[in-house]
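Below you will find the structure I want to go over with you.
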Amino acid sequence: MMLGPEGGEGFVVKLRGLPWSCSVEDVQNFLSDCTIHDGAAGVHFIYTREGRQSGEAFVELGSEDDVKMALKKDRESMGHRYIEVFKSHRTEMDWVLKHSGPNSADSANDGFVRLRGLPFGCTKEEIVQFFSGLEIVPNGITLPVDPEGKITGEAFVQFASQELAEKALGKHKERIGHRYIEVFKSSQEEVRSYSDPPLKFMSVQRPGPYDRPGTARRYIGIVKQAGLERMRPSAYSTGYGGYEEYSGLSDGYGFTTDLFGRDLSYCLSGMYDHRYGDSEFTVQSTTGHCVHMRGLPYKATENDIYNFFSPLNPVRVHIEIGPDGRVTGEADVEFATHEEAVAAMSKDRANMQHRYIELFLNSTTGASNGAYSSQVMQGMGVSSAQATYSGLESQSVSGCYGAGYSGQNSMGGYD
């Protein structure tokens with residue numbers, strides 16, 4: 001005699017041949033003559049490593065009679081599919097569920113789902129509305145782009161718990177606009193796999209409530225023409241705007257020029273030079289308190305870096321990308337205060353995954369935040385109205401990439 005669900009092998013059946021879009025409600029309707037233990041929570045779909053339904057599921061029932069009733073449903077149809085029903089037990093169910101799907105034994109149940117079929121231009125706010133009532137963690141929405149900076153139509157969403165992620169799967173085949181959205185189980189590991197070159201995660205619209213500060217930035221290639229530094233959108237320039245932008249940049253010899261080749265080094269007190277081995281680039285910090293990282297794993301994400309410095313909370317993370325579109329293994333991390341930047345240095349030579357990380361401090365007490373003043377901008381030939389400017393985030397010479405976030409006709413900052 002089988003023991004009850006609280007103390008033994010339970011009353012479990014296995015279904016095979018389920019439609020790919022099968023929902024918990026579909027299973028409940030199929031077994032409407034049976035009592036399912038714990039209701040919807042008693043239905044357990046089996047997933048592939050890619051997070052897709054495998055067409056099989058375990059169902060916990062209330063009694064031995066319910067098992068017998070379920071077995072009578074063998075070869076009955078659900079939609080156009082014939083469903084096979086087998087007797088099973090809790091040990092088999094637990095083992096299979098533990099070793100299948102992206103959240104298997106070697107992956108944490110971290111609350112991720114993957115969306116597919118998003119409409120062009122879909123925003124993070126629309127995704128939040130799509131999952132209305134389900135808590136998404138801060139910075140929990142990732143929109144991958146292809147090597148040309150175009151949205152792939154997919155997204156990863158991390159919920160506050162695995163239970164919420166399971167509920168999110170119930171939104172499968174619901175609509176955003178006129179598009180049907182597919183929702184699959186996912187994992188941190190799958191998200192990281194998308195960060196392999198040449199694919200990168202980059203924000204492609206104004207920052208929303210689920211973005212960390214500083215994540216809305218664009219990557220801009222730099223090309224020198226006719227005595228001025230001309231910034232044109234590169235493959236990763238996917239922020240809005242779409243117009244060519246011009247900005248004064250370091251010429252690589254320690255001199256900084258404006259649009260017309262004039263020396264501006266006297267006014268850029270917030271800028272500092274990095275020379276770490278063969279790496280040479282110029283970055284403007286928004287706080288003046290920066291730690292440079294070297295030796296990052298190529299799969300490292302911004303979240304990995306935030307976690308690396310935990311419990312400290314960086315203000316901004318900038319992962320360097322080289323001219324070939326690949327990560328360089330280096331990054332700049334800004335902190336709110338000099339004291340926090342110094343505290344972060346305690347992580348020097350600590351490991352991230354299998355790599356030990358070198359840290360370099362670039363912060364002094366009372367460092368400037370690097371904002372341009374109205375007087376300086378007017379000295380560049382910019383009108384007083386246009387001189388309300390602050391926030392040129394990063395300019396890279398050797399890496400041929402900068403990280404600014406701007407609107408149309410701007411010079412690297414907000415309109």
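From the backbone N, Cα and C atoms, a Cβ is placed for every residue, glycine too.
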I'm validating the feature mapping. Which of 179-184, 263-268, 305-310 is tagged region 'Interaction with RNA' in Swiss-Prot?
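From Swiss-Prot, the annotated region 'Interaction with RNA' range turns out to be 179-184.
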Name the residue range among 81-86, 219-224 that Swiss-Prot annotates as region 'Interaction with RNA'.
81-86
Can you say which of 67-72, 127-132, 355-360 is given as region 'Interaction with RNA' in Swiss-Prot?
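From Swiss-Prot, the annotated region 'Interaction with RNA' range turns out to be 355-360.
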Could you round the CA separation between ARG294 (site 'Interaction with RNA') and PHE120 (site 'Interaction with RNA') to a whole angstrom and send it over?
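Just about 36 Å between their Cα atoms.
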Please indicate, using numbers and ranges, the residues of the same chain that are 6 or more beyond the region 'Interaction with RNA' (179-184) and have a C-beta under 8 Å from a C-beta there.
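Same-chain contacts beyond the flanks: 47, 50-52, 113-119, 130, 168-169, 171-173.
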May I ask for the distance between ARG52 (site 'Interaction with RNA') and LYS185 (SUMO2 cross-link), taken between their Cα atoms and rounded to an integer number of Å?
7
Can you work out which residues elsewhere in the same chain, 6+ from the ends of the region 'Interaction with RNA' (81-86), have a Cβ less than 8 Å from its Cβ atoms?
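For the region 'Interaction with RNA' (81-86), the nonlocal Cβ contacts are 13-19, 30, 70-71, 73-75.
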Determine the Cβ neighbour count for TRP20 (site 'Interaction with RNA'): the number of other Cβ atoms within 10 Å of its Cβ.
12
Would you please pick out, from the modified residues SER161, SER187, SER193, the one with the fewest other Cβ atoms within 10 Å of its Cβ?
SER193
